[in-house]
There are 4 protein chains.
Amino acid sequence: MKKRIENVKIAYIGGGSQGWAKRLMNDLALEARISGTVALYDIHPEAARQNAKIGNLLSEREEAVGKWTYEATGDIQEALTDADFVIISILPGSFQEMASDVHVPEKYGIYQSVGDTVGPGGMIRALRTIPIYKKIAESIKQYSPEAWVINYTNPMTLCTRTLYEVFPAIKAFGCCHEVFDVQHLLADMVEEATGEKVERRQDIHVNVIGINHFTWIDRASYQNIDLLPLYKQFALKYAETGFEKEPGSWERSVFSSANRVKFDLFNRYGLIAAAGDRHLAEFMPPVYLESPEKVTEWKFHLTPVDFRINDQQSKMERTQKAAAGEEHFELAPSGEEGVAIIAALLGLEELVTNVNVPNNGQIANLPKGAVVETNAVLRFNSVQPVLAGSLPADVHGLVSRHVANQETILRAALDENRQLALNAFINDPLVEPIGLKQAEKLFNEMMDNTKEWIGGGFSHDQNAYASS
Amino acid sequence: MKKRIENVKIAYIGGGSQGWAKRLMNDLALEARISGTVALYDIHPEAARQNAKIGNLLSEREEAVGKWTYEATGDIQEALTDADFVIISILPGSFQEMASDVHVPEKYGIYQSVGDTVGPGGMIRALRTIPIYKKIAESIKQYSPEAWVINYTNPMTLCTRTLYEVFPAIKAFGCCHEVFDVQHLLADMVEEATGEKVERRQDIHVNVIGINHFTWIDRASYQNIDLLPLYKQFALKYAETGFEKEPGSWERSVFSSANRVKFDLFNRYGLIAAAGDRHLAEFMPPVYLESPEKVTEWKFHLTPVDFRINDQQSKMERTQKAAAGEEHFELAPSGEEGVAIIAALLGLEELVTNVNVPNNGQIANLPKGAVVETNAVLRFNSVQPVLAGSLPADVHGLVSRHVANQETILRAALDENRQLALNAFINDPLVEPIGLKQAEKLFNEMMDNTKEWIGGGFSHDQNAYASS
Amino acid sequence: MKKRIENVKIAYIGGGSQGWAKRLMNDLALEARISGTVALYDIHPEAARQNAKIGNLLSEREEAVGKWTYEATGDIQEALTDADFVIISILPGSFQEMASDVHVPEKYGIYQSVGDTVGPGGMIRALRTIPIYKKIAESIKQYSPEAWVINYTNPMTLCTRTLYEVFPAIKAFGCCHEVFDVQHLLADMVEEATGEKVERRQDIHVNVIGINHFTWIDRASYQNIDLLPLYKQFALKYAETGFEKEPGSWERSVFSSANRVKFDLFNRYGLIAAAGDRHLAEFMPPVYLESPEKVTEWKFHLTPVDFRINDQQSKMERTQKAAAGEEHFELAPSGEEGVAIIAALLGLEELVTNVNVPNNGQIANLPKGAVVETNAVLRFNSVQPVLAGSLPADVHGLVSRHVANQETILRAALDENRQLALNAFINDPLVEPIGLKQAEKLFNEMMDNTKEWIGGGFSHDQNAYASS
Amino acid sequence: MKKRIENVKIAYIGGGSQGWAKRLMNDLALEARISGTVALYDIHPEAARQNAKIGNLLSEREEAVGKWTYEATGDIQEALTDADFVIISILPGSFQEMASDVHVPEKYGIYQSVGDTVGPGGMIRALRTIPIYKKIAESIKQYSPEAWVINYTNPMTLCTRTLYEVFPAIKAFGCCHEVFDVQHLLADMVEEATGEKVERRQDIHVNVIGINHFTWIDRASYQNIDLLPLYKQFALKYAETGFEKEPGSWERSVFSSANRVKFDLFNRYGLIAAAGDRHLAEFMPPVYLESPEKVTEWKFHLTPVDFRINDQQSKMERTQKAAAGEEHFELAPSGEEGVAIIAALLGLEELVTNVNVPNNGQIANLPKGAVVETNAVLRFNSVQPVLAGSLPADVHGLVSRHVANQETILRAALDENRQLALNAFINDPLVEPIGLKQAEKLFNEMMDNTKEWIGGGFSHDQNAYASS
């Protein structure tokens with residue numbers, strides 16, 4: 001098809017972001033079939049303005065075949081009005097709260113490799129994020145109820161869940177690239193086993209089933225090759241050493257791993273865990289996260305917030321240069337799927353990919369309404385999950401525990417019910433081992449550190465009963 | 001992908017057929033990526049043998065890029081053993097029973113355009129077919145439990161339903177081309193409205209939701225064009241005249257129509273009915289089938305069984321010539337999807353198309369377990385229906401009546417419960433208007449005509465109570 | 001228990017009624033354990049005032065052991081505020097509209113024995129009633145959200161359904177005495193078969209499953225006697241003659257029957273239909289309602305609205321006399337269960353009886369949310385339906401057709417969608433036989449007759465398409 | 001009703017038991033309305049013979065108004081044939097295996113107060129019990145498919161689940177008296193709060209929702225008193241001291257407690273936990289079972305198997321005396337409900353009580369098919385659970401974890417899949433804190449101790465992968 005679609009409007013909430021926004025601008029510039037306007041909304045309008053400058057400079061470049069106008073705004077109504085798409089990618093709170101999420105639990109012996117999804121950090125972050133998403137959902141309901149809403153913020157599940165809870169008719173879904181990395185890993189495995197090079201990540205077909213960052217693959221194929229038996233050998237072979245295309249490369253980046261956690265999970269549960277090791281480890285009891293030394297043994301990393309602060313700093317400097325036209329960067333596909341998804345929803349292609357939406361039967365043995373991750377067929381104005389089947393009993397046990405905790409956190413956040421939040425908190429597999437009293441102490445400390453972001457209903461004395 | 005897959009075995013039950021088998025042979029010959037053996041099983045082995053001869057002659061032709069060996073057999077175990085695929089396309093009973101199905105009700109003022117799905121004919125045919133499918137399911141369970149089973153026989157819904165009832169772990173689905181014709185119609189509509197030629201039927205994206213031959217489309221698009229508003233105008237414009245690409249062409253074939261039934265259903269229910277008019281008409285009260293004259297007014301046809309007998313005769317003559325090598329025919333795509341489906345299940349491509357399988361949530365407001373028709377994603381060794389949504393309340397009323405009747409007929413056939421069969425029979429919208437007594441008389445007459453094909457448990461005096 | 005509960009407040013919507021209100025006053029006077037206030041609200045305040053007078057006179061009588069104060073009001077807020085119970089029993093519209101519901105279809109050959117539940121009359125009545133119930137639900141939500149709401153108005157199913165649609169947290173259920181009559185019939189049967197007298201209707205245990213007035217019993221027992229085999233003989237024995245305790249008594253009252261319809265349904269479907277014959281007949285195609293003569297043959301009655309008008313007139317005269325203290329009447333149990341239900345909800349006893357509430361699994365094969373009738377356990381502030389099981393396939397077909405029509409009518413009424421209402425109308429088994437064109441004509445005539453009671457959105461030209 | 005029912009046959013599997021069997025004999029003797037035969041089946045026929053002697057002696061006593069003949073048999077076919085009821089109460093394995101279940105984990109720091117439901121002991125016991133129940137289910141299917149089957153054996157949930165898995169049409173349910181004790185506690189609370197004596201346990205109405213031994217009450221009433229607010233004060237008041245009618249009495253029996261665990265659970269979760277503290281404690285992380293000292297602080301007991309052995313010894317001695325007619329005991333109601341249940345199923349009364357059956361919607365947010373505990377209405381030949389509602393999100397998290405583990409154990413036992421059993425084992429809240437390696441060591445040790453009772457498929461080397 002040579003169809004071209006013009007005058008598309010994208011509202012970007014968190015438009016001052018240093019990461020996702022830029023990847024989107026890049027990918028939009030490389031997609032010749034679509035053009036229009038991107039409204040960058042941010043509570044830090046200056047950051048949005050700099051991104052707008054970069055975007056508009058980029059759009060002027062000849063090799064930018066997709067032409068877009070970028071506008072920064074601090075007014076969410078203006079951003080949303082007439083939007084065809086709303087992308088949400090925000091930092092809930094600041095690095096200060098994130099530091100509390102990640103590092104305060106370390107005083108209690110709890111190590112988290114990311115701290116933004118589950119575990120003590122993920123839960124407190126969720127309590128902070130849900131009120132923000134409540135407001136975003138209300139704004140979308142008011143200003144752009146027909147727009148497609150794509151969420152990138154973590155905790156993905158609870159962000160998406162909140163949007164639907166507040167505005168049930170919303171056309172929203174969450175996107176995550178973690179599955180892609182597993183497809184790449186499987187492609188590497190195919191190459192090792194057959195000598196044949198897999199051309200496109202998408203040629204590795206996987207059945208995705210689970211919740212974001214704790215997603216599983218129970219069927220995988222490449223052409224007519226069933227990849228599960230291959231993976232069984234692969235996971236045993238590399239159980240101890242891990243597998244990397246370039247051996248040792250996991251040590252170079254805080255985001256990398258040697259896939260040992262994934263292999264161990266397969267050897268124990270028989271399914272391919274489909275996220276990065278640093279995410280997977282957080283959903284399990286502290287097997288992989290017992291201590292920083294264990295983390296190194298399992299060949300992945302903790303992600304200190306200091307690292308994030310420094311990384312952010314250097315990104316901002318590059319942003320300033322780029323906005324001033326002082327830095328040139330090459331246009332290249334980011335590996336993200338956001339623009340392909342937009343193209344599909346505009347009717348330009350049919351796409352089967354993994355999305356996060358409320359369960360309506362796509363996973364038979366998870367509760368209706370819980371936000372789950374499975375494949376879906378994306379077409380013009382349509383996202384239809386496929387029936388992904390059921391999780392096996394033991395994996396169901398692992399996943400449904402987090403589903404229950406997430407539902408509890410949602411209720412706690414919306415009702416500002418401190419006891420309920422605590423009850424979810426102590427049921428987390430990373431928290432449970434420290435015992436009820438320590439857990440409660442940790443909870444109180446973390447809640448104090450985030451108190452500006454949560455409702456007054458959460459105040460401590462509301463807690464009808466404190467275990468002594 | 002240039003992948004080639006060899007040594008595929010297809011078992012064809014009903015391998016002596018004059019229609020479907022030949023289309024399959026044709027399409028297999030045109031698919032270069034797959035080769036293997038087709039075992040043609042038939043209770044009339046001579047017919048299968050002739051088809052085998054034709055198939056093998058065809059395979060020798062140079063332009064036949066897909067090379068297959070055809071073998072006829074009267075032994076189902078031999079046919080099924082080691083089969084990767086089982087295709088079922090049979091005539092349940094003979095034209096004699098079909099004549100009873102279609103024409104006996106005419107004495108009571110009931111006209112049927114096909115008589116093989118619902119209505120008095122479809123129901124009696126189902127009572128005859130279910131025992132045959134029970135045996136087929138048992139054979140598949142025994143000899144080829146891992147094979148993919150593709151059904152083409154009508155009544156599609158009850159054939160597929162029986163396979164799953166008898167062997168719940170079967171990997172079966174029903175395929176039907178009726179939706180394709182509606183995609184062609186929508187493509188014609190797009191051309192009329194925009195002047196633009198739609199290249200491929202598959203570029204018309206539709207959300208299929210319903211039961212076989214009474215399927216509905218609630219979302220349709222071409223590129224970024226929403227086709228529902230267009231169809232609204234189209235259906236009103238052609239409500240009286242009907243629409244055909246070549247005006248008047250509907251009169252030339254007993255299988256053709258001018259789509260007036262479809263337009264009328266849209267104008268009343270707001271959804272696109274997605275089957276040929278002759279099928280759709282049978283699911284409704286006798287609006288379109290009130291009399292042969294009304295059928296002509298609505299611009300479609302009754303299908304007399306005499307026509308089928310003559311047609312069969314001429315096909316058989318051509319078959320004999322072809323088997324003797326005396327008739328040459330051009331290889332050309334049949335328009336059917338069977339081979340594309342096989343290719344997808346072998347991992348050669350990803351295909352989104354409509355299939356008939358038990359409802360496991362793909363249609364939210366039809367009962368679990370009922371065989372329904374929706375889109376599915378087909379991949380290597382995998383058929384995953386998409387979540388198609390819900391039928392609107394009024395259409396749900398129309399469809400669920402037949403779903404209940406079909407479930408009743410299934411129970412009646414498996415238990416040989418005559419009263420239960422009668423209770424379904426009198427609840428059919430074509431039967432209901434003639435009243436209970438006439439309906440019971442008709443039922444008894446039709447049951448007598450098919451008594452050799454149904455179990456002895458159905459004998460008349462089992463009927464504990466006859467309305468007087 | 002000798003517990004006494006004082007200061008209970010009951011709000012009675014339709015408090016001017018000539019029937020239900022009086023039975024309630026009677027039964028309240030006979031229940032020594034409860035006392036308080038009844039607020040009689042009516043859009044005809046004078047009628048409510050007369051009932052209040054009667055109630056207060058009654059309460060003064062010595063034999064009235066339950067002491068209540070009756071107050072009439074025309075202000076729904078006043079009536080509802082502080083109410084513990086809300087009873088709703090209204091006439092939607094006037095006898096004029098009811099005459100249209102019942103008698104206009106007769107011109108088209110459609111006879112209805114009641115005309116207030118399904119059939120053309122029931123459907124049009126529903127379109128008139130739903131807007132009234134929408135307002136009542138909104139008032140309850142505002143003024144007495146914690147009150148228990150007991151509905152007696154027909155169409156029972158759609159009245160209750162509307163209450164839940166508008167105010168999902170409402171504590172409402174519908175009560176109907178039709179099942180009681182069948183318990184009495186079964187008691188008579190037990191006496192005939194065993195010579196033993198059944199002391200209390202409640203000792204006949206039945207499993208109730210279906211929708212109001214089209215309820216079924218698939219299990220029935222008295223002590224350790226399974227009543228189904230007995231009923232099988234009974235229904236055959238009296239299939240032709242009907243059964244009455246006093247032969248011929250059915251002729252004396254328009255509300256009576258000889259149970260021939262019930263027996264015929266059992267003989268055909270194998271379940272005990274659990275409502276009066278005049279209600280049951282309306283849910284079926286015109287077998288029993290083919291003509292007034294057929295109705296007589298089946299030994300039940302049509303209920304002319306003239307009869308109701310005269311009946312009402314004589315009741316009103318008696319009301320006036322009673323309010324003036326000129327007529328004495330004996331206190332005696334009415335046979336209704338309203339007061340026993342109130343006692344159970346106040347914690348004075350545990351009661352298992354049949355109620356109408358949204359399906360939440362109590363009937364496995366009817367849709368969630370549809371209002372269904374099954375048994376429930378009633379206790380202090382609690383109504384819990386029991387799991388009643390599934391309807392057999394053939395009966396499911398009969399019932400689910402009406403469930404779909406009711407859902408369609410609800411949607412049509414709330415959206416004021418004329419076409420949708422028509423689509424339900426023509427799918428009714430009494431309407432279907434007259435054909436689409438006649439049905440549409442009848443629909444238009446009936447809608448005209450009730451146009452003052454339905455929203456302007458229903459105006460005729462909204463109908464995008466009229467079949468010609 | 002004065003109905004008498006004779007010739008009832010009860011088959012008692014585990015008929016040599018020292019506890020349950022005697023209570024049943026006692027209660028049968030006190031029920032004048034029923035008489036018949038009890039077949040005592042046991043794999044230790046001598047024990048059954050002694051019980052038969054006791055039963056027959058008892059039946060001869062004048063005050064025994066219910067007359068029964070007791071027969072011992074070692075032939076299950078003989079026991080089951082013609083049975084109206086089957087009662088199952090067995091010890092799976094011997095005290096030797098039970099000692100391993102309860103005490104081996106203590107070496108790893110895991111203390112269990114009972115060890116027969118969940119926790120390491122409950123899980124290993126389940127692996128041993130499921131094969132026995134598989135055989136029992138097959139026997140019932142063959143010899144008494146229409147009988148009502150009442151289970152008393154632990155683990156209750158998995159015993160009942162296995163019966164339904166193997167014979168889905170079985171009419172089985174599990175009975176447990178733990179809820180009764182909570183009703184007694186609530187009655188004591190009412191007396192303390194109001195000074196009024198509650199006459200019958202059954203007058204405390206509770207809504208039971210959960211799984212056996214981890215059941216919850218979210219609504220409770222006595223007459224018109226809502227007991228939840230009362231319990232809130234009660235649980236706070238006695239949080240530290242515990243509550244007993246006779247202070248200090250908890251120390252006298254290993255089966256007693258001061259309800260501190262129940263109060264703590266209420267204070268944290270807001271629902272009344274409805275089982276003894278020693279059962280409840282095992283479902284939670286080691287808060288209450290941290291150490292023997294903590295158990296004493298929480299005022300309940302561990303139950304050493306030595307105690308059971310001694311207790312059994314003294315019971316057997318009394319049995320021998322009783323069988324020899326040397327010991328007289330008074331007939332008095334046991335407090336159990338078995339005979340009342342039998343009376344209800346025979347049609348003599350209607351009973352609302354708590355039962356364990358597969359979930360078919362009675363608990364909205366637990367999986368279909370899982371065995372759950374809720375109230376049910378019991379009548380002639382009928383057990384119908386009531387719709388109990390949903391567990392709140394946090395309690396759902398606690399309960400569903402065990403539901404998933406139980407499903408995993410069932411699969412593991414039926415498939416003899418050692419890895420699957422281990423995966424459930426390590427997910428238990430008592431096991432999780434000791435870490436994966438220790439847990440695996442413990443699992444292996446316990447499996448070795450029970451290896452005679454589990455299938456050969458469980459052999460160690462089947463474990464494809466052992467974490468190192």
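Each position is counted from 1, following the chain as shown.
Glycine is no exception: its Cβ is also placed from the backbone N, Cα and C atoms.
For reference, TrEMBL has these:
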BINDING   A:ASN154  substrate binding site
BINDING   A:CYS176, A:HIS213  Mn(2+) binding site
DOMAIN    A:208-431  domain 'Glycosyl hydrolase family 4 C-terminal'
SITE      A:ASP116  site 'Increases basicity of active site Tyr'
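Positions of TrEMBL features highlighted on the structure.
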residue: A:ASP116; record: site 'Increases basicity of active site Tyr'; CB count, 10 Å: 24
residue: A:ASN154; record: substrate binding site; CB count, 10 Å: 24
residue: A:CYS176; record: Mn(2+) binding site; CB count, 10 Å: 22
residue: A:HIS213; record: Mn(2+) binding site; CB count, 10 Å: 27
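Residue pair A:ASN154 (substrate binding site) / A:ASP116 (site 'Increases basicity of active site Tyr') shows a Cα separation of 6 Å. Distance between Cα atoms for A:HIS213 (Mn(2+) binding site) and A:ASP116 (site 'Increases basicity of active site Tyr'): 10 Å, as a whole number. DSSP assigns A:CYS176 (Mn(2+) binding site) to coil, not to a helix or a strand. A:CYS176 (Mn(2+) binding site) sits 14 Å from A:ASP116 (site 'Increases basicity of active site Tyr'), taking the Cα positions as reference. Summarising model confidence by region, the domain 'Glycosyl hydrolase family 4 C-terminal' (A:208-431) averages a pLDDT of 95.
Annotation note: A:HIS213 (Mn(2+) binding site) sits in a coil segment as assigned by DSSP.
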